[in-house]
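Chemist: Here you go, one structure.
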Amino acid sequence: MSQLNVDLQEIAKFEALAAKWWDQHSEFRPLHQINPLRLNWIDERAGGLAGKKVLDVGCGGGILAESMARRGADVLGIDMGEAPLAVGRLHAQQENVQNIEYRQIPVEELAQEQAGQYDVVTCMEMMEHVPDPASIVKACQTLVKPGGHVFFSTINRNPKSYLFAIIGAEYVLRMLPKGTHDYHKFIRPSEMAHDIRNAGLTLKEMTGLHYNPITKRYWLAPNVDVNYMVHTIKTGV
């Protein structure tokens, strides 16, 4: 591979915050708050996670990866930041979660090693942090078994998403550190659907993830104007 599909500035952002990953009152609070929603959504659409081989791409400190392991999945979490991975390993050890492993490896490289090895692949809150999202989608398609499920989440690119995800979340509500997101890396649902089709995946569902700053409640609904999640399957035998 001539060039890694990695933005070193993006990696550095999350490396610097690694020690706070499991602090539910830190900058990662939103990830902890949305995790039950996304975990249940994935679990239901995958027909249950228990007993399945699962890959979490861009796993960070392991909030989603460890929760899927707790549901009975055999989980591999991969990321390009070593500090978050170290935090994930330590937390799993402290919590005695044994059916989880972490590796520092690009997903494209793992796809060359382990094509068609996973029942479920997840890539959540990561696509908007890489230079080439289409390459990530293709690698995920390669890694999942025929009939398996691939899940993505990202942020739409439009004036509303700029207002909510950057101005609102980073500057007004201060839910996230300033500079967490780059508007130009946000991905329209049409662009995501295009990459999914080109990779050979079948789009099953898109749903929006919504937040009320007054009630501090998250919920899922069809509107995908800002944050959204995607369920795809790999057809064929």
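Yeah, the Cβs are placed from backbone N, Cα and C, and that goes for glycine too.
Since the structure is predicted, the reported quantities are computational estimates derived from the model, not experimental observations.
Okay, so Swiss-Prot annotates it like this:
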| type | residues | note |
| --- | --- | --- |
| BINDING | Arg38, Gly58, Asp79, Met124 | S-adenosyl-L-methionine binding site |
Chemist: How far apart, in Å, are the two Cα atoms that lie farthest from each other among Arg38, Gly58, Asp79, Met124, the residues recorded as binding S-adenosyl-L-methionine?
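Modeler: Greatest Cα separation within the listed binding residues comes to 19 Å.
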Chemist: Would you mind pulling the DSSP three-state label for Asp79 (S-adenosyl-L-methionine binding site)?
Modeler: strand
Chemist: Under a three-state reading of DSSP, tell me whether Arg38 (S-adenosyl-L-methionine binding site) is helix, strand or coil.
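Modeler: In the DSSP reduction, Arg38 (S-adenosyl-L-methionine binding site) maps to helix.
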Chemist: How many other Cβ atoms sit within 10 Å of the Cβ of Met124 (S-adenosyl-L-methionine binding site)?
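Modeler: There are 25 of them.
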